[in-house]
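These come from TrEMBL:
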BINDING   Ser29, Gly30, Gly31, Pro32, Asp33, Ser34  ATP binding site
DOMAIN    24-198  domain 'tRNA(Ile)-lysidine/2-thiocytidine synthase N-terminal'
Amino acid sequence: MDPLAYQLYKDLTQTGLLPPGQRVLVSWSGGPDSTALVRICQEWQKTLDWELTLVHFNHQIRPESEEEESFCRETAKNLNLPLEVYYPAAPFESTGVQGASRLWRRRVLLERAAEMQCSKIALGHQQNDLAETLLWRMLRGTSLFGLCGLTLLEEPWFRPLLGLARGDLLAYLNRIGQDWREDPSNESDDYLRNRIRRQLIPLMSELAGTSAVDKLAKLAGEAEDLQIWFDQTFDPSLWTSPTLDYQSLAGLVPLFALELIHRFLLHKGCREIGHRQLEEIFKLAQSGKGGWRIDLKDGLMVEGRAHLIRVEVAG
């Protein structure tokens, strides 16, 4: 076993994150991160008695898509690992392609994991992705809780490479003689996340005189600690109940009140919730007024009446 794969195996085994005898789906784009994930999981396979299935998505958007699929098929054959390839049922709309394709991949992976009784869906996110996600969320508007972004395990999602830098993974691939494919769209400055990776993080590293990725990853870890503290301190029934009483928010500092509202809305099926919307809901609850409603993007609305916050279908 390669030293990097072995050290990661030791670290994750000590924390109980690599139980033996599992069925694992591995999402694989053909890029360096997910290719490193495939090879590392393959190195663990015999020791852990894992049953691996690789999943590749051909979005049929870019000219390189067919070649990336061919690469994944040929590599999977050489590794003697099963590969499933999925195609969208219809072309994606020209606007919101990234969001729509991400939801499509997520849905397919969850459905396939349920059908195959897979306990984990392994994703190739690494430390640089963690830093990029933190900055992306910060620029779009979030709280300290939202800065944690990606986590190592959020069942069934499993990100074993999250503690490794992209450079470590590239060195690993070169060491074992494994090639990969680069997505040219990652070099485009049309997307905010790409500009964060290509411009903002290098500038931050230059100004700090050291790796900004390490510092941002540490901050994300502390934000995750805050999430854990909140879980241990507050009664989950506050956000799992059908309604949220104004009184539950009384006396809380805004940071904790907004997180409580956020969890309440998430539990009711609200997914796309802006920070400004959370602040507006909190302000209305503080006023003690009823008879208000705020429409959300999920076909739902949140309303306040009789000193209670509730979520209803918009209409």
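Cβ atoms are placed via backbone N, Cα and C, with glycine included.
Note that this is a predicted model, so its numbers are computed, not measured.
Under the DSSP three-state reduction, Asp33 (ATP binding site) is assigned to helix. Residues near Gly31 (ATP binding site) in space but far in sequence (CB under 8 A, at least 6 apart, same chain), listed by position: Gly124, Trp180, Arg181, Glu182, Asp183.
With every protein chain in view, the residue among the binding-site residues Ser29, Ser34 whose Cβ has the most Cβ partners within 10 Å turns out to be Ser34.
For Gly30 (ATP binding site), the same-chain residues lying six or more positions away in sequence with a CB closer than 8 A to its CB are His56, Glu68, Glu69, Phe71, Cys72, Trp180, Arg181.
Excluding the listed site residues Ser29, Gly30, Gly31, Pro32, Asp33, Ser34, the same chain places Trp28, Thr35, Ala36, Leu37, Gly124, Trp180, Arg181, Asp183 with Cβ atoms within 8 Å of the centre of the ATP site Cβ atoms. A 10 Å cutoff on Cβ-Cβ distances gives Asp33 (ATP binding site) a total of 22 other Cβ atoms nearby, all chains included. For Pro32 (ATP binding site), other Cβ atoms within 10 Å of its Cβ number 22.
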